[in-house]
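Sequence annotations record features per position, and here Swiss-Prot assigns active site, proton donor to HIS95 based on sequence analysis. Swiss-Prot lists TYR27, ALA58, LEU59, GLU60, CYS87, VAL88, ILE89, ASN120 with the feature 5-amino-6-(D-ribitylamino)uracil binding site. For GLU92, THR93, ARG134, the entry in Swiss-Prot reads (2S)-2-hydroxy-3-oxobutyl phosphate binding site.
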Amino acid sequence: MVSTRKEGASAGEPVTGARVLIVEGRYYEALADELLAGARAALEAAGATVDVITVPGALEIPIAAEIALEAAEEEDEPYEAVVALGCVIRGETYHFEIVAGESSRGLMDLALAHALPLGNGILTVETEAQAWERARVGEGNKGGGAAEAALSLVRLKRRGLK
């Protein structure tokens with residue numbers, strides 16, 4: 001049997017010249033600051049150029065990303081990847097499920113429709129304490145993790161299946 005498995009590009013390999021869009025929901029501003037710091041550090045360390053746009057919350061992230069992607073294409077300055085950052089903390093109503101599910105679905109639809117490398121750093125947690133455990137730079141920052149996921153996909157896309 002012939003194997004068609006392709007190994008991904010090495011983590012940490014530079015992505016010089018990659019233009020990456022971060023879309024951050026700022027409903028929880030202090031958490032957003034931490035997630036952004038982690039994502040920006042990971043992207044800049046890899047040699048990517050970073051643009052940031054902000055929206056009120058997680059539910060607005062997918063459409064904001066779509067609008068920005070279209071505008072960048074029209075200006076002939078396309079983005080190679082998107083990193084979504086935000087936080088949804090469960091409350092007493094069904095709103096959590098709607099925001100968490102629909103923001104994730106919207107991002108996945110966007111990524112698949114455009115073959116777009118995307119890192120989803122929208123935290124979906126039960127408590128604010130859980131959010132902080134996942135947001136603090138130096139303590140498992142999921143913003144940096146989402147950026148690394150997007151970078152991994154950029155490397156894979158650049159490499160293709162050669």
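Note: Cβ is positioned from N, Cα and C throughout, glycine not excepted.
In space, ASN120 is the closest of the recorded positions GLU60, HIS95, ASN120 to ARG134 ((2S)-2-hydroxy-3-oxobutyl phosphate binding site), judged by Cα positions. Spread of the 5-amino-6-(D-ribitylamino)uracil binding residues is 16 Å (greatest Cα-Cα distance among TYR27, ALA58, LEU59, GLU60, CYS87, VAL88, ILE89, ASN120). Of all the recorded positions in the record (GLU92, THR93, HIS95), the one with the smallest CA separation from TYR27 (5-amino-6-(D-ribitylamino)uracil binding site) is HIS95. Ranked by Cα separation from GLU60 (5-amino-6-(D-ribitylamino)uracil binding site), the recorded positions GLU92, THR93, HIS95 are led by HIS95. A sphere of 10 angstroms centred on the C-beta of CYS87 (5-amino-6-(D-ribitylamino)uracil binding site) encloses 28 other C-beta atoms. Across GLU92, THR93, ARG134, which the record gives as binding (2S)-2-hydroxy-3-oxobutyl phosphate, the greatest C-alpha separation is 23 Å.
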